[in-house]
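Annotated GTP binding site per TrEMBL: 37, 38, 39, 40, 41, 42, 43, 65, 66, 67, 332, 419, 420, 421, in sequence order. Per TrEMBL, the feature active site, proton acceptor maps to 38. The feature Mg(2+) binding site is assigned by TrEMBL to 38, 65. The IMP binding site annotation in TrEMBL covers 38, 39, 40, 41, 63, 64, 65, 66, 158, 172, 251, 266, 330. Taken from TrEMBL, the feature active site, proton donor covers 66. Look at TrEMBL and you will find 169 tagged as active site. Sequence annotations record features per position, and here TrEMBL assigns substrate binding site to 326, 327, 328, 329, 330, 331, 332.
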């Protein structure tokens with residue numbers, strides 16, 4: 001006689017047609033900084049976002065700063081994904097992001113005055129994202145002052161409360177968007193406990209708890225229509241109809257909490273792994289990983305910078321490149337392109353393509369750089385011509401072409417884009 005086998009399944013009831021095992025869903029494109037931030041990621045994201053259905057942020061907070069220029073209008077984004085400009089795409093703030101609510105709404109309203117319409121209807125916020133409170137920002141400043149006093153140097157944070165918010169998250173005392181939208185009485189109790197915890201560490205910290213709670217209650221109602229379960233939303237986006245999904249990294253590889261120049265780093269993973277953990281995306285769904293670098297190097301804040309030029313060259317790069325932080329307004333430290341760090345970023349992220357942002361200003365001076373690291377320089381002749389009108393590879397001077405090809409060969413990743421200016425059309429696509 002034949003034997004029958006009973007198979008018990010605990011799978012959720014499938015919606016729609018049964019899927020084949022090999023249907024892995026849509027692939028996600030990730031854009032990441034390959035240096036210390038400020039590489040021009042916003043430009044590459046903006047380019048890709050015009051085609052994207054969903055644009056996501058996966059980590060960091062409003063310590064990031066991206067400038068996007070469209071039709072002569074300059075938009076500044078800190079928390080909002082740059083894709084918010086595209087009226088046809090959805091912007092998602094993932095669970096790995098820490099959100100300062102006053103900052104989020106102020107940013108949206110400011111950009112709305114410049115012509116960004118209907119952004120609140122295109123924004124989705126994960127219910128699992130942690131909240132940055134005003135007192136986190138105060139504590140950030142207090143910690144910096146303390147570091148300066150104790151060690152004679154600080155980290156050079158943006159004082160946006162990002163580190164303290166991630167500390168609350170890691171110590172399991174943080175509060176999330178879902179907590180704010182749940183039972184407000186319970187939220188208030190936990191908020192008060194968190195304030196007391198910080199006040200015991202920082203006796204000079206004063207918080208008007210009732211005033212804060214009143215404001216938070218108002219923000220909660222404005223936020224409520226935007227909030228979704230991020231995991232289910234992302235799963236549907238990956239496994240529903242074909243979609244172009246873009247993840248916009250903030251900060252950069254050398255600022256990563258694990259792989260950066262610790263302790264002079266940010267407090268999240270700004271390498272490719274952050275896209276998976278910060279949105280709930282399986283590694284299998286990661287498609288192209290775009291690295292972005294500048295034709296020179298800049299850094300904001302304190303920490304190692306072997307190719308830094310503390311001289312007229314550095315000053316020229318700073319002024320000609322308009323190297324001022326979007327978030328802090330601080331002058332950026334400038335120096336030569338460091339290919340060692342770019343290759344290191346590639347080792348971690350596995351870039352499939354690269355974008356290089358060049359300016360019309362590479363000038364070569366004598367390399368009297370004496371720092372703790374012996375820097376081995378490769379010297380190239382400068383192209384002392386304006387490249388901002390170049391729209392095709394052949395429009396670039398031969399010397400610029402040689403420089404770009406050298407970078408490409410050195411890191412072993414094809415360069416897909418060369419950026420030559422601020423606005424959307426100042427981008428040469430190579431293939």
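Keep in mind that glycine also has a Cβ here, set from the backbone N, Cα and C atoms.
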So which binding-site residues out of 40, 66, 251 end up within 10 angstroms of residue 328 (substrate binding site), measuring C-alpha to C-alpha?
none
If you draw a 10 Å sphere on the Cβ of residue 38 (active site, proton acceptor), how many other Cβ atoms land inside?
28
Pairwise Cα distance for residue 39 (GTP binding site)/residue 251 (IMP binding site) [Å, integer]:
9
Work through the recorded positions one by one (158, 169, 327) and name whichever has its CA nearest to the CA of residue 41 (GTP binding site).
327
Would you mind sorting out which of 66, 169, 327, 331 (the recorded positions) have a C-alpha within 10 A of the one on residue 40 (IMP binding site)?
66
What is the set of residues, excluding 326, 327, 328, 329, 330, 331, 332, whose C-beta falls within 8 angstroms of the centroid of the C-beta atoms at the substrate site?
65, 300, 324, 325
When distances run from the Cα of residue 327 (substrate binding site) to each of the recorded positions 43, 63, 169, 420, the nearest one:
63
Count the Cβ atoms, other than its own, that fall within 10 Å of the Cβ of residue 332 (GTP binding site), considering every protein chain shown.
21
Between residue 63 (IMP binding site) and residue 326 (substrate binding site), what is the CA-CA distance rounded to a whole number of Å?
9
Give the residue from the binding-site residues 37, 40, 65, 329 that has the most other Cβ atoms within 10 Å of its Cβ, counting over every protein chain displayed.
37
When the Cα of residue 331 (substrate binding site) is compared with the Cα of each of the recorded positions 43, 158, 169, 251, which one is closest?
158
